[in-house]
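*Asks:* I'd like to ask you about the structure that follows.
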Amino acid sequence: MGRFISVSFGLLVLLLSLSGTGANCLPDWSVYEGYCYKVFKERMNWADAEKFCTKQHKDGHLVSFRNSKEVDFVISLAFPMLKNDLVWIGLTDYWRDCNWEWSDGAQLDYKAWDNERHCFIYKNTDNQWTRRDCTWTFSFVCKCPA
């Protein structure tokens with residue numbers, strides 16, 4: 001009986017410790033609404049950052065946003081690490097065909113940008129999306145399904 005209680009308690013502790021850390025996410029990634037996120041301080045151009053994210057997870061991409069709450073969550077991750085830095089996101093017209101799309105194929109139904117260039121960054125300080133030349137280098141956020 002004592003062993004059963006000890007094993008049960010151990011399993012409970014393990015379950016509770018995994019539940020808040022994104023048990024389905026890679027180590028050091030954060031979970032929100034069924035997706036895993038990680039901020040990377042390394043500076044890369046848009047294409048290299050996207051390629052890096054796809055190497056982290058088979059379904060990984062630069063972050064896409066479906067609503068303002070998701071943006072707020074990502075800012076809560078990125079701001080402590082990057083402060084006022086600009087961060088690549090997965091929105092692009094990389095092929096310059098006037099077809100704006102998320103690199104992960106998500107629907108483009110939430111928008112917050114100005115008009116210029118072909119790849120997007122967001123500003124941690126004011127949640128503005130701004131276009132930049134895709135060859136510039138910035139930190140970035142990767143996202144993948146949990």
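Here the Cβ of each residue, glycine as well, is placed from N, Cα and C on the backbone.
Summarising the annotation, Swiss-Prot assigns disulfide bond to C25-C36, C53-C142, C119-C134. Annotation source Swiss-Prot lists domain 'C-type lectin' at 32-143. Annotation source Swiss-Prot lists signal peptide at 1-23.
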*Asks:* Fill in the CA-CA distance, C134 (disulfide bond) to C53 (disulfide bond), as an integer in Å.
*Replies:* 16
*Asks:* Counting other Cβ atoms within 10 Å of each Cβ, which of the disulfide-bonded residues C25, C142 scores lowest?
*Replies:* C25
*Asks:* Compare the Cα of C142 (disulfide bond) against each of the disulfide-bonded residues C25, C36, C119 and report the nearest.
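*Replies:* So, of the listed disulfide-bonded residues, the one sitting closest to C142 (disulfide bond) is C36.
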*Asks:* Under DSSP, is C134 (disulfide bond) part of a helix or a strand, or is it coil?
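*Replies:* Looking at the DSSP assignment, C134 (disulfide bond) belongs to neither helix nor strand, so coil.
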*Asks:* Sort out the sequence-distant neighbours of C53 (disulfide bond) for me: same chain, 6+ apart, CB within less than 8 Å of its CB, listed by position.
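*Replies:* For C53 (disulfide bond), the qualifying residues are G60, H61, L62, F140, C142, K143, C144.
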